[in-house]
């Protein structure tokens, strides 16, 4: 952690109040050039940006929400690997004009999640910046199978006939985002579940760890919406057409009974197709995966919230409710 | 690596051209929710921001320089731990208006350094952003002593009587920065060494690894200037006064013969004290450390570029050339 704030002592004190600097995983914690970490033979690691007006808006994100979600989206990547988070580092971009109470709330929101999953803040960087933003890097330990083999799940490797499943909500966060964008923070009262899904997504860590005990699973987290992420799960070749006939495809079914009442009422009010909206989605932070058809019944017992979306096909197309789908999902960059 | 660019395929292709996605350390490389890394029992890890108009200016940084330095400052943290870099992740903030050639140069500058130290790009994030910037997280393996014990160096733990040493230049990058700020990119012709020290700092990895073979060494990288970093090496209590009489201090000597000719000529031209400028410094990315006096002679043989700056005292003060020093060094935030 390099120090680049004249008020860095105040910042570091605030961080120290919220995040313990000792943990079995931390040999050397915050305050040196590098943290030193006790590691298993393999770790998984992911980094994510969380930037003002790109990934969140201060008009309707409280400082606690921002701190919370900056870490939650990274924990979701650990969930998608079926892993257990070991630690994280935080690079914080600090604009002028926020008072100490703001940062206390920000770190409080982040620390609530760090505490829940017992994941220590190992280090990072603080810098003045024209925009508020974070870069969180997070790493995790593999879940061990009954035989003791360390396993990380990957998004690649599904097979024709595999069942496509979902753990978490589909498109609920999109409804929340749209409601917040049009109504502002007051949308929290009208659409509590949907805005909660956007402001405070719940990383599916326990589900990811449970899934990693099974063979033949592929898994990813649903961050950009089913429409954009499903082709990634199937492999990039699904974007190709007739000249690549061997590419994997999917046949899925999304029905209104799979959607939250708030999605249905919002779609009704705005004259939108709730199923297509759910398909487009975005920032669901649900888990999207595949498994051999033979184990889905057992998974459904162990993980009652798992939903079957469809099956992997071999025709390079995505078919939803019997029709080819061409719509694109949520895209932060477009 | 989550994907958030509509032109992400072009970006990822460019990244793939510059950075191999296979390496003994990478079990799963870029393209999944997490990278999976083969790790020794302990690793060190550091994250740093590198932001437009905070840490660099596009007026006089070429795209290659920006890509290079974003990684170099992180490698310098690994050097300060006496470690060997194993891998890094890159979160890239992408403003509008740069063409593909710009990014090819940017990644080329970064890849030149990654290739030199055989350090793979394991993953990261791409996002649209109002400013250009990076967050680089880097991790490294410990150097092993003759007995096979894995060692990371830390900045804490120096003792009274230890020798304070430096590996690298002192204040040369500050001269480069000031020349670039006042003259612009043309300063490269007039002050090639000084501007080079600011634009393309050389991480002292080999020196750090060599130092970690010795007992009783403390080490940090000199990123904020000797004036600000020396108290950190001595322990934060050096900022206290008479009520903490047991705090460590330092007595150092900086003479003009230790400084580069460009520092002297620039100081002469601007009517500055070259020694005080060198003390303030900033972004030297030299290694600053302490060692028992008994081993300094041997270190000087193994590491001919090592310079003695002074000794650790027990009076809580920093004395330079016989006088107490109160000046503050370079501060990105102030």
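Glycine is no exception: its Cβ is also placed from the backbone N, Cα and C atoms.
Keep in mind that TrEMBL annotations are predicted by a computer and have not been checked by a curator.
Copied from TrEMBL, the annotated features are:
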{"type": "DOMAIN", "residues": "A:31-130", "note": "domain 'PurM-like N-terminal'"}
{"type": "BINDING", "residues": "A:33, A:77, A:221", "note": "Mg(2+) 3 binding site"}
{"type": "BINDING", "residues": "A:33, A:46, A:77", "note": "Mg(2+) 4 binding site"}
{"type": "BINDING", "residues": "A:47, A:48, A:125", "note": "Mg(2+) 1 binding site"}
{"type": "BINDING", "residues": "A:48, A:77", "note": "Mg(2+) 2 binding site"}
{"type": "BINDING", "residues": "A:55, A:283, A:330", "note": "substrate binding site"}
{"type": "BINDING", "residues": "A:124, A:125, A:155, A:223", "note": "ATP binding site"}
{"type": "BINDING", "residues": "A:224", "note": "Mg(2+) 5 binding site"}
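Feature map: TrEMBL annotations on the structure.
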residue : record                : Cβ contacts under 8 Å, 6 or more apart
A:46    : Mg(2+) 4 binding site : A:74, A:77, A:78, A:81, A:137, A:138, A:139
A:48    : Mg(2+) 1 binding site : A:73, A:74, A:77, A:135, A:136
A:155   : ATP binding site      : A:80, A:218, A:219, A:220, A:232, A:233
A:221   : Mg(2+) 3 binding site : A:76, A:77, A:79, A:80, A:204, A:285, A:286, A:287, A:288
A:223   : ATP binding site      : A:73, A:76, A:229, A:282, A:283, A:284, A:285
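It is A:77 that, of the binding-site residues A:77, A:283, has its Cβ surrounded by the most other Cβ atoms within 10 Å.
Across the structure, residue A:124 (ATP binding site) and residue A:47 (Mg(2+) 1 binding site) place their CA atoms 12 angstrom apart. Long-range neighbours of residue A:47 (Mg(2+) 1 binding site) (same chain, six or more residues apart, CB within less than 8 Å of its CB): A:74, A:135, A:136, A:137, A:138.
Closest to residue A:224 (Mg(2+) 5 binding site) by Cα-Cα distance, out of the binding-site residues A:33, A:55, A:125, is A:55. DSSP assigns residue A:77 (Mg(2+) 3 binding site) to a helical segment in the three-state reduction. Across the binding-site residues listed here (A:33, A:224), the residue whose Cβ sits among the most other Cβ atoms within 10 Å is A:33. Taking the binding-site residues A:55, A:124, A:125 in turn, the residue surrounded by the fewest other Cβ atoms inside 10 Å of its Cβ turns out to be A:55. Using a Cβ-Cβ cut-off of under 8 Å to chain B, the binding-site residues A:46, A:48, A:77, A:155, A:283 reduce to A:46, A:48, A:77, A:155. A straight line from the CA of residue A:33 (Mg(2+) 3 binding site) to the CA of residue A:55 (substrate binding site) spans 29 Å. According to its DSSP assignment, residue A:33 (Mg(2+) 3 binding site) is coil.
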